[in-house]
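Structure first, then comments.
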Amino acid sequence: MGETRLARHIFLWCLSAIYMFAFASVYVQIPGLYGNEGVLPARWMLRVSGKSIWEQLRDAPTLLWFGPRLGLDTQQCMELLSLAGAVLSLAATALPVLRDCRVYLVLWVLYMSLYQVGQVFLYFQWDSLLLEVGFLAILVAPMNMPWGCRAGLHDNVTFWLVRWLLFRLMFASGVVKLTSRCPTWWGLTALTYHYETQCIPTPLAWFAHQLPVWIQKLSVVGTFVIEVPGPFLFFSPIRRHMLTAFYMQVLLQVLIILSGNYNFFNLLTITLCFSLLDDQHVNFWLCRHIPQKERSMFMAWVCVLVELAVYGILGYWTVYYFDLKVEWDKKSISSNTEFTHYEFNRFLKAVVVLSIWIGVLSLTWEIVTAMFRSACVKGVLWRLWSTVQWAVFATAATTMFAISLVPYTYIEYEANSNIWPGVRKAFQLTDRYQLVNSYGLFRRMTGVGGRPEVIIEGSMDGSTWTEIEFMYKPGNMSAAPLVVTPHQPRLDWQMWFAALGPHTQSPWFSSLVYRLLQGKRDVIRLIQRDESRYPFSQQPPAYIRAHRYKYWFTEPKEDGSLPQRWWRRVYVEEFYPIVHLGDGFLNHMLDQHGLKDKGPVRRSSDAWLPRVLRSIGEHARDVPTPLLLWTLFSSAATICLVNCLCSRSPAHDRPLATSPPPQHAPEKEEQEEESSGEVDKEEKEEQNKESEGEDKGEAEEDPVNEEHDGDDSGEEEISKESGHLGERK
């Protein structure tokens, strides 16, 4: 793989935006979910004890322990942390200088602090994924210094960890669909149910659901190809294989975004995909022609033949194992699974071990390449400094790779049992910090036979009942599905999980009913931001009950016209009995799960910081959350664009290459004669020129052929790149 400086910048820019989405989305929901009168008050997770602050941090690593020292209760401290995270990530999205390893360390600590008390509402796979990606960003991001940011010869080593994470995520997501023995995945019919049974579908999901069955089955085949053999292209030595894998993965994620609201998860997956690109391809996107070293005709033909052979084998296996046949009379393509569960398990046992060795060889190649580059740096001090950096980051990368093998091999028992005990112990010591995790979405297709949905009803007299409609989840059969990405309405998501089983599997539901009977405004705003649409806005209901229904998408009329309703439904059973305040059943459920208030709620302080937090919260929650998130993103993108326009100069019209322009690069003979003192003098001259607004490009990052003597990128150059990215967004 070539230089990846621009790809890393894009990765960090996108991650900053995703952090902003995540923090802002959680921020607006904190009072209703975790407030003192919320569904699951976070203060219950932080019990006051006689332990020291360090012992408390060891038990639960969260900054919320410091809240009382600031005069804040747990809810207010959560709001402060999430607000700080949103502001800092917004600034990092807008300003290149803030895309620094220390900034990403702060963002990771802030989100980890929220995660530790988030309970069921923050225990989603994408929250764990964001924490793992955020930790890798600490290793990938540069450490910006006042005197400039020098290119790191270890950068490809740390960026490789992002590629390995993407491999684990996608490969596991494909494998678990088959290891679960779900009949819909094995029968290739999963997508005939998926669009209407996912948590929060988009309007396009209705139209995707109407596609012919043969297209749905072919789409499942494509999903398996992208998720199971496709990730192995991530480590191919042929560059076009990685580019093909990049577009395959992005295509899958874009299609998921169009058909379902999965918050920032798919955006984060696309962000990981940038680890498959190099600067040459990014420059191609930006219409910048960078001269490349040409290969010999023989090597070019060998690469083409190997590339085509891989595509041919992949195509043959797809046709063979999924029995693809063109049925000309029906104008369709038939598909069926032509392998057994036993055969797949044998394949999995071999391929998991193979993938680990591929990872070992690929990482070793990156580490050894970086070592030789460090050894060839001109100047004793620079060579020593580069070698120290290489040793530190190579050790970190090796450690992260080793402990990631424990959760990765959960998909194959025998491989997991063979993990070295020392690695397993290291994983156990770091598990609480979510440094590495296991993944595997859509293991089994739920909702076969109808989408289960819980409908809450309230009444003032116990005889006349009114449905309580949620903002985002299906309920009203005439209401069109909404597009809420990248926001995650976490209560709506948990309502979807609650509908899959009895209410006893979702203890928080009793707390939700209790708060609605009390008429708690913060909880009501999780259900309806516009209180005029909440049927009991004037007075809380005296009675509440919940029923389970099954929902299906409607179908087009016989003449092809669209129906008036989006959904149809049938009643199934009672989900939660009729209860009222003081009801014995409700009190029993609250006591059983420890959901009753255990003491008086601490009075809100009148200090300036709590007052500021309350004022900001009241204004932020008056705006629809998806609109708020996209407004913040648009503001950051606008700043990037303005930054680009303001930094334009004739020097910026040159193509952005990964090597310095000819007029700044010394001749080869001169390079051999230069001493390390002359290098330092040249760096000072370049820094003086940068302060005058001139773009000096990037210093040479390949000391094997040329001297490593310049900055990785000037601040203005990074600003320009971010501006281009803002234009693309």
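Placed from the backbone N, Cα and C atoms, the Cβ positions cover glycine too.
The compositional bias 'Basic and acidic residues' annotation in TrEMBL covers 678-696, 717-729. Look at TrEMBL and you will find 697-716 tagged as compositional bias 'Acidic residues'. Residues or ranges marked as domain 'Lipase maturation factor 1/2 N-terminal' by TrEMBL: 123-283. Annotation comment: TrEMBL describes 435-577 as domain 'Lipase maturation factor 1/2 C-terminal'. The annotation region 'Disordered' is assigned in TrEMBL to 653-729. The transmembrane segment annotation in TrEMBL covers 12-30, 80-98, 105-123, 214-235, 264-286, 298-322, 347-368, 388-411.
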Distant-in-sequence neighbours of the transmembrane segment (12-30), which means Cβ under 8 A and at least six residues beyond its ends: 38, 75, 78-79, 82-83, 85-86, 89-90, 92-93, 98-99, 104, 107, 110-111, 114, 121-122, 127, 130, 133-134, 137, 140-141, 263-264, 267-268, 270-271, 274, 486-491, 526, 617, 620-621, 625, 628-629, 632-633, 636, 722, 725
PLDDT averaged over the residues of the domain 'Lipase maturation factor 1/2 N-terminal' (123-283): 94
Three-state composition of the domain 'Lipase maturation factor 1/2 C-terminal' (435-577), taking helix and strand from DSSP: 33 helix, 34 strand, 76 coil
